[in-house]
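Novice: Handing you a structure now.
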Amino acid sequence: MVAAGSGVRLGAGMPKALVRLSGRSLVARSLDSLAAGGVAEAVVVAPAGHLVEFEKAVTDSPIPVRVVPGGGERQDSVQLGLSALDSVDGPVLVHDAARPLVPARVVSAVIEAVRGGAVAVVPVVAVTDSIRRLTDEGSEMVDRSTLRAVQTPQGFDPGVLTRAHELVRERGLLVTDDAAACEAAGHPVTLVAGAAESMKITTPADLRFAEALLGD
Ligand SMILES: Nc1ccn([C@@H]2O[C@H](COP(=O)(O)OP(=O)(O)OP(=O)(O)O)[C@@H](O)[C@H]2O)c(=O)n1
Ligand SMILES: C[C@](O)(CO)[C@H](O)COP(=O)(O)O
């Protein structure tokens, strides 16, 4: 699970994953959600200067957790998390600590799709706003029926994901998610249904929406 971002847009004055949502930190809630969906163990990639606080925040995790230091970009943190993994022969999931409320059904659908032979699996939701693309002249309408918003956890064949991130690093590419790294390496990406509750907590308003979802 990547949790090494600083949360500038949330502006909480602490790493975003340590911020409490209805009394429980985002990182702890994300671990609860992954465990409920069938994940057996986790590596939490945390900001290098906050490892002790993260160790404390994950003490009551329902699954075994190791905390390791992250990097400057999300993809650096993913790579550091992957290199901390012992040999794995089942699906590997990459999840944002910033998506604490992912339902168990989404996590298990991702795992099942990888077990079924897909090498890179992404939960997505339809885009509900109308969308405009900025152009040199102004802007133009985009057909939203062909668009999907990408969530996490994303699930992978471990070898495919590791090699894809090596390739991305060698080529100096910047990717915003891990399926994009696999796609850059020539692998097909399989979509499964995501969920509205799995929204990424980015701004103070997102935190209030999430609290409302929990009934607080
Ligand atoms: N160098 C980084 C940057 C991001 N992340 C993680 O990637 C996920 C998605 O990132 P985002 O929500 O954009 O978090 P932040 O980078 O913390 O947000 P901001 O851009 O507002 O600082 C988060 O769980 C975040 O902790 C990470 O592990 N390492
Ligand atoms: C991985 C991700 O959650 C997919 O939507 C997203 O790209 C991460 O957010 P960031 O702001 O790009 O780090």
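Even glycines carry a Cβ here, placed using N, Cα and C.
Grabbed the feature section from TrEMBL, which reads as follows:
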type	residues	note
SITE	Arg9	site 'Transition state stabilizer'
SITE	Lys16	site 'Transition state stabilizer'
SITE	Arg144	site 'Positions MEP for the nucleophilic attack'
SITE	Lys200	site 'Positions MEP for the nucleophilic attack'
Novice: Relative to the Cα of Lys16 (site 'Transition state stabilizer'), which of the recorded sites Arg9, Arg144, Lys200 have a Cα no more than 10 Å away?
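Specialist: Checking Cα-Cα distances against Lys16 (site 'Transition state stabilizer'), the recorded sites within 10 Å turn out to be Arg9.
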Novice: Within 10 Å of the Cβ of Lys16 (site 'Transition state stabilizer'), how many other Cβ atoms are there?
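Specialist: For Lys16 (site 'Transition state stabilizer'), the count of other Cβ atoms within 10 Å is 25.
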Novice: Would you count the other CB atoms within 10 A of the CB of Arg144 (site 'Positions MEP for the nucleophilic attack'), including those on all shown protein chains?
Specialist: 13
Novice: Which residues does Lys200 (site 'Positions MEP for the nucleophilic attack') neighbour through Cβ under 8 Å, counting only same-chain ones at least six apart?
Specialist: Asp96, Ala98, Arg99, Gln151, Asp206
Novice: For Arg144 (site 'Positions MEP for the nucleophilic attack') and Arg9 (site 'Transition state stabilizer'), what Cα-Cα distance in Å is obtained after rounding to a whole number?
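Specialist: Between the alpha carbons of Arg144 (site 'Positions MEP for the nucleophilic attack') and Arg9 (site 'Transition state stabilizer') there are 26 Å.
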Novice: Can you give me the same-chain residues 6 or more apart in sequence from Arg9 (site 'Transition state stabilizer') with a CB-CB distance under 8 Å?
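Specialist: Counting only residues 6 or more apart in sequence, the Cβ neighbours of Arg9 (site 'Transition state stabilizer') under 8 Å are Thr202, Thr203.
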Novice: Of Arg9, Lys16, Arg144, listed as recorded sites, which ones have a Cβ less than 6 Å away from ligand 2?
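Specialist: Passing the 6 Å Cβ check against ligand 2: none.
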